[in-house]
Amino acid sequence: MRNAPTILHLDMDAFYASVEQASKPSLRGKAVIVGGLGPRGVVATASYEARVFGVHSAMPMAQARRLAPNAAYLVPRFALYRSVSEQVMALLRELSPLVEPLSLDEAFVDLEAGGAAWDEESARLTGIKLRADIRAVTGLTGSVGLAASKMLAKIASEEAKPDGLVLIEPGTERGLLGPMPVRTLPGIGPATGDHLRRAGITTVDELAEAGEDELVRLLGKAHGHGLYAMALARDDRPVVAEREAKSVSVEDTYDVDIHDRIRVGLEVQRLADRCVRRLREAGLSGRTIVLKVRRYDFSTLTRSETLRGPTDDPAVIREAAARLLESVDTTGGVRLLGVGVSGLADYTQEDLFAQAAGEQGALAEAPEETAPEAVERPEPAERQWRAGYDVRHAEYGHGWVQGSGLGRVTVRFETPQSPPGRVRTFLVDDPALEPAEPLPLVLDGVDTEV
Ligand code: TTP
Ligand code: MG
Ligand code: MG
């Protein structure tokens, strides 16, 4: 492990809700809840003002409404959050070539790799400047953790929340971790947490005292091993930049998150078949089957399995993909699925080209797959005004939908740079009203005071 706190972890504060507050001046300083507003909707996130009432991510929306009846309730606007995320990630990439995004609002940065920092002081200054830059460019706050390892950097940014910076001095890690609950450590979810609690282990110190053999006995070899090292604050995992592995892969993004586990399974089978077709078209086969799952919050997981030899057999690839899916928790919903094959085998390539050439005719005759994306996309509902979405009125200008029902839509007319605006009500089919794109949160060339 390095001896300077030069691994940085950034996580934006109440991300979706903060973007909405930056976009809508009347909501600043107020309880804002973003999520699914239908009968089975869940909270994606809540502004810190709403958290005071006990509202949090993944809570059923109905429960949130009971706890915070006066909060503003909005549906998420992913395209906007993604564009803000890209601005933030671009700032991180100015610091280092080693940026590892974990989700839309969160990433690790290896400051040493970019020469941005080499000791405690330079790391702290870099973190302070980054927070100021994020604020200037996006208008939002993010919290920064700095430490000598990924694990501690993430714990530090959690401690720093909201709108803060925490640096963990090398050498103090064990003392700091010791009294914390085991759930603080990466890789300990609710199930492992319960399992350990039944064995009388609740804190990180108790985990370390249990010893490696006991942890291996309780949790199995790989997991027990890893957790013991984490409990001693030993974490050598490098920050890895996302890079394209040499592989053949296909993926699909879904307009509406898929929650149904059976449907997820069917999609994976379909993708496996498409991947095999690509593989054969390229005359390749591969040893490693990769499943990619992007969840509701844009966190992206990949799972892989390496076979004994290269294959392009659809049944084998389908089975492997299905096995990999079993290890992924998809309860919050799935936005994207992908199946790929890597470890492409060069030494058999010639044979496979011959084989593929023989099969290509058959493949070409197979009916062209209809693009399911195009078929499944629902017809745009007539004049649907979604809460929180931007609109433009011929006379009153830019605003956003505060609510709609009973043939009427209520619009608040304001922009990110305006003072809080006033509300007007229209008929849902008012021809002067039309949907609009979100406006930039910060105007270019205007320096924000920090
Ligand atoms: P988080 O970083 O976990 O949460 P946050 O940014 O809202 O709040 P903070 O970090 O200050 O505690 O998640 C980032 C975004 O991901 C969040 O704004 C909304 C989305 N999300 C969901 O949609 N569902 C969830 O269960 C979680 C945890 C997050
Ligand atoms: Mg966050
Ligand atoms: Mg996050």
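Cβ atoms here come from the backbone N, Cα and C positions, even for glycine.
Computed from a predicted structure; not experimentally measured.
Positions annotated as domain 'UmuC' by TrEMBL: 7-189. The average pLDDT computed for the domain 'UmuC' (7-189) is 95.
The Mg(2+) binding site feature in TrEMBL is assigned to Asp11, Asp105. DSSP assigns Asp11 (Mg(2+) binding site) to a strand segment in the three-state reduction.
Annotated site 'Substrate discrimination' per TrEMBL: Tyr16, in sequence order. A sphere of 10 angstroms centred on the C-beta of Tyr16 (site 'Substrate discrimination') encloses 27 other C-beta atoms.
Annotated active site per TrEMBL: Glu106, in sequence order. Summarising the environment of Glu106 (active site), the number of other Cβ atoms within 10 Å of its Cβ, over all protein chains shown, is 21.
Residues or ranges marked as region 'Disordered' in TrEMBL: 361-381.
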Are there any residues in the same chain, six or more apart in sequence, whose C-beta is under 8 angstroms from the C-beta of Asp105 (Mg(2+) binding site), and if so which?
-> Asp11, Met12, Phe15, Tyr81, Ser85, Val88, Gly142
Between Glu106 (active site) and Tyr16 (site 'Substrate discrimination'): CA-CA distance (Å) = 12
Which three-state DSSP class does Asp105 (Mg(2+) binding site) fall into?
-> coil
10 Å Cβ neighbour count around Asp11 (Mg(2+) binding site)?
-> 20
